[in-house]
Amino acid sequence: MADMVASPLLRMLSDRLSSLIYNSLAVKNLHLTLAEIQTLVLDAENRSEDDEALRRWLTEVKDAAYEADDVLDEFIINLSSSKFRSLFSPYQWLLRFNLQRKMKDIEGRLDALLKRRMKFQKAVPLVINRDIIPSFESNISIKVPHRETRSFISESEVFGRKEDKNILMDLLLSDSGLKFKIIPVVGMGGLGKTTLAQLIYNDEEVRYMFDKRYWVCVSQNFDVRMIGKALVETKTEASRFLMNTEETVDTIVRDELNGIRFLIVLDDVWNEDQEKWNVLQRWFSMGARGSAVLVTTRSANVAALMGTVDPHPLKPLSDDDGWLLFKNVAFSYKDEENIISRLVEIGKRLVARCNGLPLAIKTLAGLMRFKREESEWLQIKDDDIWNLPEFESSVLPALRLSYNHLPSHLKQCFAYCSIFPQGVTIGKERLIQLWIAEGFIQSSEGSRSLEDIGNDYFMELFRRSFFVEVWRDEYDEIVECQMHYLIHDLARFVASIGCSIMEGNTLHNVPEEVRHSSLVYDSYQQPTTFESLQKAKKLRTLLLFSSNLEKIPGLFLKLRSLRALDLSGSGIQKLSRSVGKLTHLRYLNLSRTYIETLPDSISKLQSLNTLELIECYNLQELPNSICELSNLRHLDIQSCCSLSHMPARIGKLRLLQKLPLFILSNIDGCGYISELEELDLRGKLEIKNLEFVDNVTDAENAKLLNKLNLRTLKLSWSQDTDVSAEMSFEVLEKLMPPQELKVLHIIDYRGTSYPSWMSNSLLQNVAEVYLVNCSCEKLPPLGQLPNLKYLYIKGMLAVETIDNEFYGGDGTIKGFPSLRQLELYDMPNLKEWWNFKSDEPLSLIKTEESSSSKKIEEFICLEFLTIKGCSNLTRLPELPNLKSLALWNCNEELLLSLDQLASLSTLVINEFRKPLHLPPGNLSFLREMTIYDCDDLLAQLVDGMKHLSSLEHLRILYCDALKSLPAGLRHLTSLHKLEIAECRELAYVPDVLDKLSSLEEFIIDGCPMLKSLPDSIRSLTRLEKLVIRRCPDLIKQLHEEGSEEWSKTAHIPRIEKEIEEYLTEEDSHSELHY
């Protein structure tokens, strides 16, 4: 068990002692004793699972080591205090004397433990598996292989569940006659119920069929309020904050679900309380007909209690499907003929032992992928853990095996994750910082940072499937993860008493031995008491999961051994000065709280590595004393919108790696931009208010070029500044970014030309560029950037022409070789957009010449183009591979360019005000078109639609003055889906629907003037779905059986219509069975 893992702690303590300048006899003796005891500890960790005496012995060793760590901390912190600095100070003499006395006591305890253990050495010979336990003296280093494949659930990564998915999809999408249906999926833990639900939740057809989808991880704590909060998480912060009473929750949730067709997934449900179900069912009844709830549960009773249809029992995987899953993970997609035949045989036996449980198979495969010798495979197959008694087998043997074969340093990192409540999303960076705060990550390699080594630890656990649900950012970097509930159960099992989750109403059960804990209670609860926390004097981690505190409870500030305190989202408004007494603190998270200032006593936290202040909207300033935190590595002040300046001398924080925001000001005593010089910042950096740089040398001294770990740089001036163009240029010229930069933002730049570094090789690795409200008359030569994939340009009011300079001029690389997406916004003076090397603007080139057979060299990868607010631009260049085009509030002549975009498949036309036909050329390539707020344009589409022979999906939205759909609809013979929404004056649909022979779905929403459908709808034999919403007169007629409108649609298999507001009270009761 991880609570019985002591070797990483001893190694960390030994490293700290080695680095101690003061090296007294007691310190030397303790270091020697640690070296002697380490081999015995490694052996005891291997044996302790079956030996109660060894577990007690390891606990005592850990207690002594933790105490030594606290003593060392106090000595180092006090030594940095001014009154202890002088070698001849009586305070320093006293400090050294106390250290020597305490170390001698601890060394005596460890020596006694060493001797006690040595008595049993002959009776129990040492057996240490060096393959899985690193040497105490060796450097711990994990070599990271290539990046894993996509971590989100996709059907290609799921085996044996196709039939189950099809059955559930049929149940979900079929018309059951009920207003809403509840479909339970029942099966034992680890069968893949959640994975199956995710496949359905993310299915394209499901996305299309439901207005909104909700995912709620329920677990054993079935709290109606918490479920309600999860359902309205997209509501405003104020709405969520008000949900403190059952009545408030009920009102907000009913409003959220009212009248929409929703899908709700309730994952891992245990509740068998009928009254709680009744509340949820009242919520569900607010939705539109066809709404559905998918429930995953391990309990047949829950399935019977809640389901409106028979539960779907999920069965274990067959041996064949189990082997496919195992092979997919263990052998990284190798063909079976390329796998050693003996390993195939052993692997299939291992799969058989997993009893068809996908989680067990995947986790075991994650272990075996690192083993290639037959002897290693046989060792796992024959391990005694497969024969564990039932009371320990509740945590699957396959999972236990994977844990047992972790190296010790990963065991403690994994067990630590047990303090996060089940189902909670865990941020990777946050987790790594917590590991660092607890001393779990030690580096002896010098050049590698603790954060990089921590990332290796995380990725190793991920590859072994201990994190089974992972979210990535747009750069495919893992940002957040979760743990499957069985993995979480394993973590809690192996962590034992050392880690715990404390519920708000059970704080009286806090064990004295707990060292890492989270405190969980809902916003409407108050913990009965914090008094029992006084017993937890050894507590080193405290994470708070609540939003109902105005200040930190005094008892929190008496937990003097704390290394990590997380109060994010807790609602506190003020940070007590007493926080300065938590001198061991390495990690403090105050994000999303209401604090306005930090006390000066923050400077006493000399060991602090991480201070998180994300989204502290009320935070007005950082105290100057924060610059005394010499060990600070992460100061995250993202989205602190009230912060007006940086503290003076912030450049003293030489270890600072994360500072995403640097705010310049003319306030006396604030930090200057030159203070960035010595900071080796990583990740993101935004420098605001550059107009306050009045000395170009200060900008040069920021030395951005030397910050090799910087990936995103955002440089901005204030919008209403009167800084000169010359000064703006000189400042930007000196803020030369590093070559490793990936993302560049330049906002409100007042210069008339661009810095030289935008025309050379410095930006070769940049993938995204954002230019907003800049004053230059030309666009920079970004076409020469070989890796640029996304370009966003907005508010460049002085730009009239896009010419050769934009493409890269005379550079060796030009024409945007990698650009996939381009967006142009609010450039009303832009008139010409040239093709590269063209001698004259496109408006003067004859159509025949522009469409010649010359090879197009620019924009060869461009697939997505958005143009909005460019009212004078009349022609697009040739874009050979463009797939999606959105034109908003532009010149109508731009539409004439469509016939030369031979790859275009998706078109959005928005806010075109003057009538115009679509171009007469071939538009047969279009598959999807959206017309938004274009009343006059739409009226002219009679002939223009002749060329849309391949159009499959047409949306007509918010055309408020439109009274009739164009008769040109008759030409859309390939149309599969037609959507009409928010056309408030629409009263007539031409009787040409019989020509739409491929139409499968027809949606009309928010057209109150429409009273009837054309008679030709009877001829739509392929129409499967008709949706009518917020069309009161039409809906009323459709519900009158035998009426003309009813008879027109009687042949359609699936009709959805909102009718609640037109029924009598008696009818409303019967609607539940409609």
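In case you wondered, yes, glycine gets a Cβ from its N, Cα and C as well.
Unlike curated records, TrEMBL annotations are generated automatically.
Annotated by TrEMBL as coiled coil, the relevant range among 96-123, 152-179, 572-599, 712-739 is 96-123.
Across 24-84, 419-491, 538-825, stretch 419-491 shows the highest tally of CB pairs under 8 A with the domain 'NB-ARC' (164-335). The average pLDDT computed over the domain 'NB-ARC' (164-335) stands at 80. With helix defined as DSSP H, G or I and strand as E or B, the domain 'Disease resistance N-terminal' (24-84) counts 57 helix, 0 strand, 4 coil.
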